[in-house]
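Copied over from TrEMBL:
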DOMAIN    4-137  domain 'Alanine dehydrogenase/pyridine nucleotide transhydrogenase N-terminal'
BINDING   Arg15, Lys75  substrate binding site
ACT_SITE  His96  active site, proton donor/acceptor
BINDING   Ser134, Asp198, Arg203, Ser220, Val239, Leu240, Val267, Ala268, Ile269, Asp270, Val299, Ala300, Asn301, Met302  NAD(+) binding site
ACT_SITE  Asp270  active site, proton donor/acceptor
Amino acid sequence: MIIGVPKEIKSNENRVAITPAGVENFIKNGHEVYIEKNAGVGSGFSDEEYTAAGAKILDTPKEVFEIADMIMKVKEPLPPEYDLFKPGQVLFTYLHLAADKKMTEALLERGIVGIAYETVQLADRSLPLLTPMSEVAGRMSVQVGAHFLEKPNGGKGVLLSGVPGVLPAKVTIIGGGTVGTNAAKIAVGMGADVTIIDINPVRLRELDDIFGGKVKTLMSNSFNIKKAVTESDLVIGAVLIPGAKAPQLVTEDMIREMQPGSVVVDVAIDQGGCIETCDHPTTHAEPTYVKHGVIHYSVANMPGAVARTSTLALTNCTVPYGIKIANMGYKEAVKRDQAIALGVNLVNGKLTYKAVADSLNLPYTPLEEALK
Ligand SMILES: NC(=O)C1=CN([C@@H]2O[C@H](COP(=O)(O)OP(=O)(O)OC[C@H]3O[C@@H](n4cnc5c(N)ncnc54)[C@H](O)[C@@H]3O)[C@@H](O)[C@H]2O)C=CC1
Ligand SMILES: CC(=O)C(=O)O
């Protein structure tokens, strides 16, 4: 199979979908890899390193899309990329379709096969291709929260740890999965007063065990969320219902009641956001805006800022799946690997992931039917 890797074009997106090690792996499996010029530079990989590993470098995205059977990317396609796809071409990337109906309709029109990293799911319900970036974004969320709590950055002037004689900052994390757990690790490490809210009591028990009493756990309901949020210095939104638009758990009224200079970081913004006032994604170029005196951070590609770490972590997990798809062809890979089947969101003009179809109010076609 011919694999094409374009350079990412989202604002400050420095990740790339393949490393030289990944290229070598595809080539050993009998495939060809074409990479757009300078695609890896933001992650510290030169064209020469890719060439030495066996890839061929192409000057433009157009050439990459034209030649490839499968496009491997990091982020969802942006409008300048829509028309570059060929019908039947496989796209393996983060898609987050539930957050963007226009993109979904454009990709349905192109008749591609869209396999979304974020819905590839193992039998234990874990999300192996979302996890590495959730680890990064979870850890970053506290780092950026602490930064924007500083007075010169617009915040209320609070140090997460406090100091002897002064209480630490209150951090509330909504969603205790991968993002939430990684956020809690950093926040606890920095000495903050951390509360994690989740809807799953089993998960709350696990978190209580993992953190050995160093975090407070709270059941998710609007009463508890309101109390925790309005008393917090930093709120981190980290919920997920795989594929679906995120539920809006923090309302505008709750934000109004927060103290001025408090910070909210809605990591779940890539699925539409779980904080009502985080109503649009921001970019690394302009990461925040202020509403009701509260600083809002809603960057949808947080790991792009620490691209070297993120590219290595992401491709450690995505490349083995990419090779499986390339070795078997997507139809056979879907038949033999249920995790990959769950990753398929789009097939030849049909939407094959129910939670996405329901969120966007678009018709759903079961995968087996779409593959006939
Ligand atoms: N902005 C960015 O750059 C990035 C965003 N993300 C996003 O972060 C979000 C979280 O991802 P993960 O932690 O990997 O998901 P996860 O599936 O590991 O965890 C989600 C947690 O949310 C909980 N949850 C679901 N409904 C809830 C509710 N009503 N109240 C409280 N908790 C609830 C679940 O029980 C689960 O523990 C996803 O939308 C993901 O795409 C991930 C990486 C980067
Ligand atoms: C998960 C995701 O969308 C990202 O890492 O950018």
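In case you wondered, yes, glycine gets a Cβ from its N, Cα and C as well.
In this structure, none of the binding-site residues from Ser134, Arg203, Val239, Val267, Ile269, Val299 has a C-beta falling under 6 Å of any atom of ligand 2.
Considering only the binding-site residues Arg203, Val299, Asn301, the residue whose Cα is spatially closest to the Cα of Lys75 (substrate binding site) is Asn301. Within the domain 'Alanine dehydrogenase/pyridine nucleotide transhydrogenase N-terminal' (4-137), the DSSP-based counts of helix, strand and coil residues read 53 helix, 21 strand, 60 coil. Around Val299 (NAD(+) binding site), the C-beta neighbours below 8 angstroms that are at least 6 residues distant in the chain are Ile269, Pro281, Thr282, Thr283, His284, Pro287, Ala305. Ranked by Cα separation from His96 (active site, proton donor/acceptor), the recorded positions Ser134, Val239, Asp270 are led by Asp270.
Contact annotation for recorded positions (Arg15, Lys75, His96, Ser134, Val267, Asp270) versus ligand 1: Ser134, Val267, Asp270, each with CB under 6 Å from a ligand atom. Cβ neighbours of Val267 (NAD(+) binding site) (same chain, under 8 Å, six or more residues apart in sequence): Ser134, Ala137, Gly138, Ser141, Val179, Ala183, Ile236, Gly237, Ala238, Met302. Taking Arg203, Val239, Asp270, Asn301 as the recorded positions under consideration, the smallest Cα distance to Arg15 (substrate binding site) is found for Asn301. Other C-beta atoms found within 10 angstroms of the C-beta of Asp270 (active site, proton donor/acceptor) number 27, with every protein chain shown included. Each of the recorded positions Arg15, Lys75, His96, Arg203 was scored by how many other Cβ atoms lie within 10 Å of its Cβ, and the smallest score goes to Arg203.
Secondary structure at Val299 (NAD(+) binding site), taken from DSSP and collapsed to helix, strand or coil, is strand.
In the three-state DSSP scheme, Val239 (NAD(+) binding site) is classed as coil.
Asp270 (active site, proton donor/acceptor) sits 8 Å from Asn301 (NAD(+) binding site), taking the CA atoms of both as reference points.
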